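*Asks:* The structure's right below; bear with me while I get my questions together.
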Amino acid sequence: MSNTNSQGGNAASQSKIINLYLLIGSVVILLMMVFGVLMLLAQGKLIDVDPGFFYEILTVHGTGMVGASALAASAIMWYFLSKYVQLNKGILIANFIFFIVGVVLVLVGIFAFDFAGAWTFLYPLPAISGGGWGLTGAALYLIGMLLIGIGFLLLYLETARGIIKQYGSLGGGLGWSIVFGRKKGYGPPAAVVASTMVSIVNITALVAGASVIVMSLINLFIPSIKIDPLLAKNLTYAFGHIFANSVIYMGVIAVYEILAMYTKRPWKANRPFLIAWNLSTIFTIIIYPHHLLMDFALPKWMIIMGQALSYANGLPVLVVTAYGALMIVYRSGIKWDIGSSFIFLSMFGWVIGVVPAIVDATIVINHVMHNTKWVPGHFHMYMGLGATAMLFGFMYYLAKVNGKEKAGNVDYISFWVYVMFFLGLCGSFLFSGKVSAPRRWAEHFPEWIAFDRIGAVFGTFVILAVLTFVIRFIGFTKSFDGKIDHKFEERIDPSSHA
């Protein structure tokens, strides 16, 4: 393992790129929130939006939120993983270039050529739009998504390479010697364990996603070459489910590292912790069929697996992480600030966000609720109060270790506005699901409109809070000189881990 000084220097040399990842990611998330409120205003009959444009907004909202969150979360993973393994900074830059070029193509495909097939781009919709868009729009969108995927694939291959070089294998990164009883004590640092899991699942996801995109592009230009629609849907949701969920698994690295620094207590990767992450590695890859419970042509064993393992998937890592967060904070004398508050909030968001998700993964409920706004309620809670809270916490943490940005009353007020109004927004989605308001519809019946309007109000206040966070981070990046306060960021001694 490289020494502490070289690790600190490596982190400092990459910090400006990390800041750029977070800045672009947070700005895009803010813009996607604006698009989200516009959709609620349109559904609530408060503004007039053409249905075709509504679906373009819907497409860019979903695509942008997942992509921007993944970009920012990958910065968290890279930042902390590079303290333990050597990583090639050039790959970090290459991924960013692929991301920007891909985003430009996606935006042109959507807003210049009217592609509105949602971020799931389900085959054969890109090629058969009923006159909604042409070949150019679909091709630009798919090629853009492919380029973004290639960039991320390079990044995860690099993190996997670094882990293998340092720990001998991916199994070493997951602590197999401890899991299978060959050794006693603690495994690799929690950041390494989580990064290993993310590398495995996202390489799998991105290969699946690239495969279906390439097949869709071939079908787009040569319509006589067709794909089995069920195979295409399985590949699409395998990619989408794994990649979207990996955001919180990358973000949770900030929980492990930052809480350990604030409390001066190491987050020890003991055997139960390692077993939980190994189980989650397997479950995350194979539970995507819970998105396909209404596809009667799917083999029954896959449907049963999708329901049963959905119950189990979120629990191992969630339980050890939430419990670990409580224990590491308990009587630690931690001095709370905006960064640590966001990090701790993310545990609450993750826990409560999983509940409606597990409910929806139950087949008899799924048949009634899955195409309603109940589902946006669950994943907005999961992502907004869970994953995104981790991102904002990390942003404030970087400002703290830089030592030039101090949180003020506006930051604390914005934090509580974000928490309370985001809960209200998620509640409006869940209640919309209760009254059977469908998701992805541009036009709503009068019975559904009240919840749309309430959600728009809550969403507006969330946007104002996030605008504060982004402005503060922009101020930090302008004053950042590349120096890190290592007195605060002193890493827990490696002997505490292994």
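Along the chain as shown, the residues are counted starting at 1.
Glycine is no exception: its Cβ is also placed from the backbone N, Cα and C atoms.
According to TrEMBL, the protein carries these features:
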DOMAIN    11-498  domain 'Cytochrome oxidase subunit I profile'
TRANSMEM  20-41  transmembrane segment
TRANSMEM  53-80  transmembrane segment
TRANSMEM  92-113  transmembrane segment
TRANSMEM  133-157  transmembrane segment
TRANSMEM  190-222  transmembrane segment
TRANSMEM  242-262  transmembrane segment
TRANSMEM  274-291  transmembrane segment
TRANSMEM  311-330  transmembrane segment
TRANSMEM  342-359  transmembrane segment
TRANSMEM  379-398  transmembrane segment
TRANSMEM  410-433  transmembrane segment
TRANSMEM  453-474  transmembrane segment
*Asks:* Looking at the transmembrane segment (133-157) and the transmembrane segment (379-398), are there 3+ C-beta pairs under 8 A, with each pair at least 6 apart in sequence?
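*Replies:* When sequence-distant Cβ pairs are counted, the transmembrane segment (379-398) does not touch the transmembrane segment (133-157), since fewer than 3 lie under 8 Å.
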*Asks:* Tell me, what is the mean pLDDT of the domain 'Cytochrome oxidase subunit I profile' (11-498)?
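*Replies:* In the predicted model, the domain 'Cytochrome oxidase subunit I profile' (11-498) has a mean pLDDT of 89.
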*Asks:* Could you tell me what the rest of the chain brings near the transmembrane segment (379-398), counting residues at least six beyond its ends with Cβ under 8 Å?
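*Replies:* The answer is 15, 18-19, 22, 25-26, 29, 65, 69, 72-73, 75-76, 79, 244, 247-248, 251-252, 254-255, 258, 337-343, 345-346, 348-350, 352-354, 356-357, 407, 411, 419, 422-423, 425-426, 429, 462, 466, 469, 472-473, 476.
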*Asks:* Determine which residues of the chain contact the transmembrane segment (453-474) at the Cβ level, with the cut-off under 8 Å and only residues 6 or more beyond its ends counted.
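*Replies:* Here the qualifying positions are 22-23, 26-27, 29-30, 33-34, 36-37, 40-41, 44, 46, 384, 392, 395-396, 399, 405, 407, 410-411, 414-415, 417-418, 421-422, 424-425, 428-429, 432.
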*Asks:* Other than its close neighbours in sequence, what residues sit by the transmembrane segment (242-262), given a CB gap under 8 Å and a spacing of at least six beyond its ends?
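*Replies:* Cβ under 8 Å, 6 or more out: 66, 69-70, 73-74, 76-77, 80-81, 152, 189-191, 194-195, 197-198, 201-202, 204-206, 208-209, 280, 284-285, 288, 317, 321, 325, 328-329, 332, 334-335, 339-340, 343-344, 346-347, 350, 379, 382-383, 386-387, 390-391, 393-394, 397, 488-490, 492.
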*Asks:* Residue list, the transmembrane segment (274-291) vs rest of chain: Cβ under 8 Å, 6 or more residues beyond ends.
*Replies:* 174-176, 178-179, 187, 193-194, 196-197, 200-201, 204-205, 234, 237-238, 240-242, 245-246, 249, 298, 302-303, 305-307, 309-310, 312-313, 316-317, 319-320, 361, 366
